[in-house]
């Protein structure tokens with residue numbers, strides 16, 4: 001039986017984000033800049049990561065509190081060995097209606113069929129440019145956009161529902177918006193443009209680098225005949241639009257200009273097994289991994305997860321201003337640990 005719970009702001013819990021690794025094969029400046037995450041950077045050892053059995057146990061308990069959707073994140077989740085086994089186990093859980101994966105897409109041809117066979121159907125691919133030179137400058141690994149586009153085509157061909165996520169930075173890749181809308185208009189792929197956020201401690205964020213939803217929409221409207229689309233469900237983070245001629249849709253995610261804290265229903269488990277109630281958390285999360293490994297029962301997990309959600313009052317993006325960002329003294333948790 002599912003117990004319906006809410007946090008201090010009346011928000012239910014519906015989504016669980018599981019970060020399966022802190023490692024990534026890209027070095028994008030806004031997430032894992034190469035100057036910090038260099039060849040000598042020490043990532044988490046294997047025994048500090050949650051095991052698949054631990055993740056499944058956590059997810060099973062969360063379904064009793066109302067979780068219906070699970071998203072696998074990282075780091076780059078396709079670097080975690082035997083990920084298809086985790087997908088298969090999660091798919092067996094009663095109450096789980098949807099499992100998704102967020103990836104940079106580089107390893108989709110290598111692992112995609114196994115993941116599909118395990119029951120995964122939805123993939124979000126992070127692709128911040130369609131121009132090879134622009135994309136290579138962002139990922140700092142000399143990986144071409146055309147390589148990722150081929151991986152996306154492969155994923156679509158074997159049956160995945162694919163969305164493309166684009167983090168837009170002023171003066172970096174805002175010139176990619178129109179060509180990317182054009183490219184994906186006639187593909188069976190939905191593209192979403194995300195306002196640049198101040199996630200983690202190392203991405204050099206400030207307001208001047210943000211391209212707002214209104215600015216993005218103006219660029220698109222100058223080149224395409226579009227119309228808005230009604231939200232599909234409570235807590236949907238993207239504002240969707242469709243082309244009038246072929247009804248192909250794209251989304252704009254207003255993470256800075258019009259925050260969606262009031263409808264956020266996501267719990268997060270970091271790659272080292274800690275609970276976070278917000279992508280912008282500054283307080284080190286409750287250590288679920290240690291709690292479990294010290295002998296916690298399923299009922300104790302249930303009560304702990306319930307208590308953590310009941311006291312949740314995070315609304316960072318609602319409160320963000322240039323001054324609050326400048327004055328922030330406590331470090332945020334980096335995105336490769338907490339998951340995007």
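Our numbering is plain: 1 for the first residue shown, then up by one each step along the chain.
Glycine too: its Cβ is placed from the backbone N, Cα and C atoms.
According to Swiss-Prot, the feature GTP binding site maps to 17, 71, 102, 163, 266, 267, 268, an assignment based on sequence analysis.
The feature [4Fe-4S] cluster 1 binding site is assigned by Swiss-Prot to 24, 28, 31. Secondary structure at residue 31 ([4Fe-4S] cluster 1 binding site), taken from DSSP and collapsed to helix, strand or coil, is coil.
Under the three-state DSSP scheme, residue 197 (S-adenosyl-L-methionine binding site) falls in the coil class. The feature S-adenosyl-L-methionine binding site is assigned by Swiss-Prot to 30, 75, 126, 197.
Per Swiss-Prot, [4Fe-4S] cluster 2 binding site is recorded for 261, 264, 278, and the stated evidence type is sequence analysis. Under the DSSP three-state reduction, residue 278 ([4Fe-4S] cluster 2 binding site) is assigned to coil, being neither helix nor strand.
Look at Swiss-Prot and you will find 8-227 tagged as domain 'Radical SAM core'.
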Along the domain 'Radical SAM core' (8-227), what average pLDDT does this model show?
95
Can you tell me whether DSSP puts residue 267 (GTP binding site) in helix, strand or coil?
strand
C-alpha spacing of residue 75 (S-adenosyl-L-methionine binding site) relative to residue 163 (GTP binding site), in angstrom:
18
How many Å separate the Cα atoms of residue 17 (GTP binding site) and residue 261 ([4Fe-4S] cluster 2 binding site)?
16
Are there binding-site residues among 102, 268, 278 that sit within 10 Å of residue 126 (S-adenosyl-L-methionine binding site), Cα to Cα? If so, list them; otherwise say none.
102
When distances run from the Cα of residue 268 (GTP binding site) to each of the binding-site residues 28, 31, 75, 197, the nearest one:
75
